[in-house]
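Colleague: Below are the structure tokens for one structure; questions will follow.
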Amino acid sequence: MGEVKAGGPSTRVMEGSEHGFATTRVDALLNWAKKYSLFQYPFVTACCGMEYMAMASPRFDMARFGAEVPRFSPRQADLLWVVGTISQRQAPALKRIYEQMADPKWVLAFGTCASCGGFYDNYTTVAGIDKVIPCDVYVPGCPPRPEAVLDGLMLLQDKIARGDRTPAIVKPREDPAQTTEHLVTLQRKERSLP
């Protein structure tokens, strides 16, 4: 008997039969399948929609994460992308859409406005979608880069595989062009030029 982990849930290989067979927990297998079959419903309200369209383009290839085809009926979706600012008038519609989604359902806040209200600090704007519906992953940025959104999608997939429902925030990647080591290397190269 041995432990096998081949990109999916933890399985046990049972020996004793001629060909052997593998067993796993049913919930681990279902979570592994769910994380690669996310049916998204985009709720796009503001300027982050442009980055959403860029992220959905072939350059960033959401298809490799199993979330490429948007559903435009909440009853067929299990991942709600909240993209942009939510006003007080839009909040009841957002809540209704969330309630119509199939269980289990996940929510990804796309951008600073969806995460915390952004720079709109007035009575007409909801200060973060978690005031209206529960949120699983927050992707900060104004607008967030497509790479950060894909990091958020991968973080959500990890949470689904673990069965974790606690909120998570995507941490920004360190840009090599802005690190001090990179700047020191550039300065040395400039000094060595004639």
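All residue numbers here begin at 1 and follow the chain in the order shown.
Every residue, even glycine, has its Cβ placed from backbone N, Cα and C.
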Colleague: What does Swiss-Prot list, out of CYS135, CYS142, as binding the same [4Fe-4S] cluster as CYS47, CYS48, CYS113?
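Modeller: Within the candidate list, Swiss-Prot flags CYS142.
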Colleague: Least buried of the binding-site residues CYS48, CYS113, CYS142, going by other Cβ atoms within 10 Å?
Modeller: CYS142
Colleague: Around the recorded [4Fe-4S] cluster site, report the further residues of that chain (criterion: Cβ within 8 Å of the mean position of the Cβ atoms of CYS47, CYS48, CYS113, CYS142; site residues excluded), sequence-ordered.
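Modeller: Result: ALA46, GLU51, VAL83, GLY84, THR85, GLY111, THR112, ALA114, GLY118, GLY141, PRO143.
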Colleague: List the residues of the same chain that sit at least 6 positions away from CYS47 ([4Fe-4S] cluster binding site) in sequence and have their Cβ under 8 Å from its Cβ, in sequence order, or write 'none'.
Modeller: GLY84, PRO143
